[in-house]
Amino acid sequence: MANVSFTFDSQEQNKELRPSRLVGRSDERNGRRQGTEQKKKEKEDSGFRVSEEGEIPLQQGSNTDSYARDDLTQQQRVSDVVMQRRSHETESRLWQRARTQDRRGSESRMMFDGRTQWSHAPVLSSAYPVRPGEDNCLFYMKNHLCEWGSECCYNHPPLQEIPCRIGKKLDCKAGACKRGSNCPFNHPKERDGDSLPMPQGRTPDLRRNDSGRRYNTESRSWPENKEKEVGQFRDHQDSKEDAQEVLLQQRPRDVEMRKRSRSPDFRAKTETKEHREAEERSSRESATATGKVSGKENELRPTYVYLLMMPENHNVDVQQTLQEQRKRNIKKARIEARLKLDQIRPTVVLENSRATKMMIEWGFTDFRKLQGSNLGNKKWICWVRKHCC
């Protein structure tokens, strides 16, 4: 304890004595400068001596000597000013060093460390402002120091929150970074997935370990993984080449078809084809509407088709006759179909004797009045339906 008290007393005495020593040195220097200035003035006045009678004697030396003296005096004055400034700067630097050493000595304390039980480590001052809403000071985050000090506008978190960050890049946790490539932090989220840069080349990566030997590492640029992609690309190229060849072969055909379509013969043929297709469609529709086609129409159909295939059908008269014949055939087919339907209808014919027996068995007696009347079969059937059914 006695040793510790002695050290603190000695430090306080040094603090009190240092400013006084510096002040004494500055006074001595100022006294020397004043003495040198007085000597210079006396030398300058010695060139011009005034007698008691008021007469000015001749100037000693020539004009060249006077000019040289003036230059020397100016140079001496400039050198004195420079030396004075340098002395002030050195004094201020020495004063600042003394103050910083005293501060470090006062702020230093014993910090416990598990590896080195007690270590004498300096603790930095908390002069930097903490602004949680602002961005972190980049220089402070890297070096734990800031040039602006308390005037800095950025955030300076305490040292406990940023351990082991000196000289290392941190992960940018702000999401989408606004600084872009100028940001000194890492961006692991943006590099995940497809945004990772693909390795170039197909050779395996060779890296050196601590012993100096090279070893293979797992890389995505092996040729085995890219054979499929290359094959797909080649197939795509082959399909494109085939399509181009087909187009080149098809172009002359298209040109020939266009030339033929402009000719009158080709137009007439196309018109006849369209006319045939329309007639065939109409005949099919009529056949489905009328039911079964008669045998006569089947007999006439080959002749009808033969007439259509003839080149003389281009005339209007032949076409009109064919249309009339077609209409007649349709009418005949309809008449025959109706007759067949009438024959297929069920007709009920009852004999009078049988009807009377049935009516007596059922208990009807009013029908005897109708027996004498001349009723037709239709009326008799209607009366039976009303009373019996």
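Every residue gets a Cβ built from N, Cα and C, even glycine.
Keep in mind it's a predicted model, so treat the numbers as computed, not measured.
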Looking at 158-190, 323-355, which one does Swiss-Prot call zinc finger?
158-190
Which residue counts does DSSP give the zinc finger (131-157) for helix, strand and coil?
9 helix, 2 strand, 16 coil
